[in-house]
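Here is what Swiss-Prot says about this protein:
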DOMAIN    4-477  domain 'UvrD-like helicase ATP-binding'
BINDING   Ala25, Ala26, Ala27, Gly28, Ser29, Gly30, Lys31, Thr32  ATP binding site
DOMAIN    517-815  domain 'UvrD-like helicase C-terminal'
Amino acid sequence: MGNTKWTDEQLSAIETRNCNLLVAAAAGSGKTAVLVERIIRIITNEENPVDIDKLLVVTFTNAAAAEMRERIADAISKELENNPRSKNLQRQLTLLNRANITTMHSFCLDVIKNNYHRIDLDPSFRIGDQTEGILIKSEVIEELFEDKYEEEDIGFTNLVEIFSSYKNDNNLKNLVLDLYNFTMSGPWPEKWLINSAEAFNIKQLDELDRTNWVRVLAQSVKIELDGYVKMLEKAIEVTSKTDGLEPYMDNLLMELSYIKKAYESTDNGLEAMFNSLSSVQFSRLKSIKKDKVSDELSQNTVKKIRDDVKKGISELLNNAYSVNPQQMLRNIQGSYPYIKKLIELVLEFSARFSKRKRERNILDFNDLEHLCLKILSDYDDENNIIPSSIAMNFKEYFDEVLVDEYQDSNNVQETIINLVSRKNDDNPNVFMVGDVKQSIYRFRQAKPELFIEKYNTYDSSNGVNRKIQLYKNFRSRREIIDGVNYIFKEVMSEVVGELEYTDEEALNLGADFKENKFKDTIVGGPIEVNIIDKSHNETVVEDNEEQEEINNVILEGRIVAKRIKELMSKSEDEQIFKVLDKESGEYRPLKYRDIVILLRATKNWSEPLLDELSAEGIPVYADTGSGYFESIEIRTIISLLKVVDNPMQDIPVISVMRSPIMGFSAEEISDIRLVKKDNYFYENIKYISEEAYNSINESYSDVLIAKCKYFINSVDKWRNKSIYMAIDEFIWYLYMDTAYYGYVGAMPNGVLRQANLKILFQRARQFEKTSFKGLFNFINFINKLIKSSGDMGSAQVLGENEDVVRIMSIHKSKGLEFPVVFLCGLGKNFNLMDLNKSILYHDELGLGPDFIDIGKRFSIGTLAKESIKKKMKFETLSEEMRILYVACTRAKEKLIMTGTVGNLEKSAEKWLGSASLDYNRISPSEVLKGKSYLDWICMSLCQHRDGSVLSESFGTENLILKDDNSRWKVSFWNKGDLIDKTKTEVLEQGEGYELTIINNKPYDNYLYEEVDKILSYKYPFKASTTIKSNISVSDLKRRHAEEDYDTEQLYREKVKVVPKFLQEKKGLTPSEKGTAVHFVMKKIDFNRVSSTEEIKEQLHELFEKEFLLSEELKVINPTKILSFFRSDLGKKILDLNCRGEKIYREIPFYTEISSLEVDKTLDNIYKDEKIRLQGIIDCFFEYKGDIILIDYKTDYIMEGHEDEFKEKYRKQLDYYSDAIFKLTGKKVKYKYLYSFYLEKEIKII
């Protein structure tokens, strides 16, 4: 291909033939160029040319297939320029149009179209829209459940009882749909479902020991125990080096021996593992006087390590090994009946869904792969799957099968490739290229294991199965490459990442960046890590996680804006940052379009970042991939469509009224509402319109009457039009008839808004091709699309060369490159929410349910669930590791990272602890403990000489630092440093005003009397001014409890300033203790309250996150909290939680009461004076149709005085009950006080 200079490895990948070849192509190694060159050389081989249509080239996306076809066409054209008479080249250019350069779905579609008769398929079938599929599924699942209810099948009834809430059966329906969707990513879904159910049909413990569940659980426990061994060995090392800690040594050595024994037992079955773990004991450490220890810091380090090991062993015993092996077996056996019934339900749904699609003659994308498999596969006499005659034809026809982005293949695609290729024959012909370190689509059921299995078994030199590694990176500067290599050698392993990042995997510099010889030019530079510490200047603990995340974005956005401005302008030394121009080969000043900001997810991040950068005058664009249905123009049109379909809907009607289409003012809408409050808005509009026509009602303005008449006439006209017009035509008609299309074009971002409206029109056109028709179905279609998170994303109106900073997700950046990359949000925790589902599923391990005893209303995780949970966590974190790799390797010349932590000192202590266990690398068990990208990065940097700032600032010991080639710049930022001080500065500067006499003429007597009258005025309702407009329930309760009170004193602000020298800390007051307990009950995870150990663990987590003070942690008794969850009320809450029902905690409310309820000494003239009552309801929930209210109390109370206690708080609970009724429309049936002092519930009613 021209004069390209290929490396030896690239050349080998291009020229190697007659084998299955796996090319492991690292980021920026030129894999696409290699793939294209290989194809060109195959079709232009002088001795044995192959026609291009005899190659099957499988790509990941349609865009990639189009790009591949274009590249091949360009290459052939260039060859033709050198050899214009070549008939072979002319032939290949002609054949290119029918070449099999395609996605797997497109290939499957071609196979089906050419062989439809073999599967009894109507040849006029069409591919259904994704949302059309959702609508059909919804129809089928509703019909299926209705039939099952009519059959009164006890097995189905039990499923409903287990998985559904008291309100509806949506949880079970969603489970059936999710499980169906999951299985369709496998080649044989029916077989997988049946085998997954039968896996629970186990009779003996030795059968359970042989399952994959036990194997995976043993592997994961082994990793954890290995980490605990390293931790205790570190503690022993510190103890041996610290004078005075000798008394700890015996305990540590004994505990280490216990854990090593448990480690060795992991391969000996469940009984051995359970017994070994249960025998691990931690004796009380001997006390040591402070003056006997040479280094108190070392003593604290040893204690903390030991406490962490104890906590880890406790977690194993409370989760995976919470019951003995025999009970584990019984729980598996007990789950079999309902799992079998669930699978039967999924299979019946699958059959009905397939039948419904056949009736409508449509296929979905899953059908393409599975019907293709049906055509390509057959069975031998022993019922083994073999290639069909059609597949055999493909084997003979295709000279070579080339698979791009092989790391993203799934099991279905792998099976199809195996059937149409000679992969397993004597003359293999499959070429696979990809980079498993960039496999980031597991959520689409991609299987990186397929790549890894071949990578570990294929030979590097010869044989029928070979591999070649392309390790040279032609994209990035050395600073980027060295930095990426350093981090991933530290943290990527077979455990987290599913691949060891060895020297073989490391990137090698391949790009030629010319030397900078200009003193006024800055190029490259170290990778920057900016860590924001939120613990400084923090006055309020942010309780709203979404708002806290937005606050983090704002802080990081300010750092990003600051650095962009610095990079784009000259420094104090008159130097300017430059990047290498690809075309000229010379350094040029940085442009905004050279910069990208990468995010793990754009939700809650892109908008605040846009605002921050825009405020600093930085042109910026965010491709969020969402927000389409939230745009004002789309919301308005959808509301208009809803009104046309059914005008008896107040919210859409008001939306249209307030829009430019109708132009009603807020006052006019208010007038319409007051016509008849119980009517629909549309009825009131029609009433005003008709009264105006009959000249009966003259109380409305002519303008309002005219608007109402126009509204009614327009809606009537549009409703008539909608009956006979296609939905796409009707939508375009609305755009034109209302002039709304032109109106939005004149708004800010008008081009984008019009493009959004065009997308809706095109979506309607696609809808017209579905089996659903009419306006109602289209609205339902849009609602389903929104509900299924199928936001279409705003229209793209940004040109590729627009000079703006781009904000995008890491996934969208894959395959792209940018001179400067900002990687933000690194402190955000990984999303592991999927691990908390009631039932887990895994393609290898099957189903992982809870064992549920319906009679006792009790549930516990099964061995299967614990095993799958461990496996899913490893796989999820491995995926996150690869996503971080993709993000870092997008940078060509500069990489800048930002992340926020709640408390830098605590985070640094954790990072340094992880880094200190193993000098060679971060232990996989420590990597597994990482909760964010920032954890992984900073653990690694703690061992780097440039990360010494971490150990110097927060270190507990002297770490041996690595002299690695990578260069880093670690910076710390306090929250206060980034808060906008503009307002403060203005207030401090102030402005001086000179007072002058405007008019000094003498006043007359009349004026004097008027002024005196005004100044002497006495307010007739002075008594009401003594009462605040707001009052809390607690104050009101206290007011009713006091016979003698001073109203003014009760509601006047009380400020008691105690001098610091008189402030004496005497522990928490009863009120402070109560506040702490209430906070814990608000935050506690109901899934982890089965033991005091689990509750203690949660309390420590709240302390570590700084939600609890150390004093509060000491006074909260986990045993008393456990007692609550073992009470009848607690059991009801856990039952609801198990079902996914809503439990309302710490619900603030506001309501109005008469001022006479506050102060009965007021005259009756104040009875209509309203005061806002505010309070917080501790807990309420709906249980079997009844609303139950709980108020937590930590007061001291004597046994036997419960009646007095009830009377004390009765009025308070009455207020709460009224508030709940106003919130829910349902009356409270039962009111309870729960006394943590007595550890009992006290029923009010």
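Residue numbers in this text run from 1 along the chain shown.
Backbone N, Cα and C atoms are what each Cβ position is placed from, and that goes for glycine too.
Where Swiss-Prot records a feature, it is marked here on the structure.
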residue : record           : CB count, 10 Å
Ala25   : ATP binding site : 28
Ala26   : ATP binding site : 25
Ala27   : ATP binding site : 23
Gly28   : ATP binding site : 22
Ser29   : ATP binding site : 27
Gly30   : ATP binding site : 22
Lys31   : ATP binding site : 21
Thr32   : ATP binding site : 18
Beyond the site residues Ala25, Ala26, Ala27, Gly28, Ser29, Gly30, Lys31, Thr32: chain residues whose C-beta lies within 8 Å of the centroid, for ATP | Val34, Asp435, Leu470, Asn473, Phe474
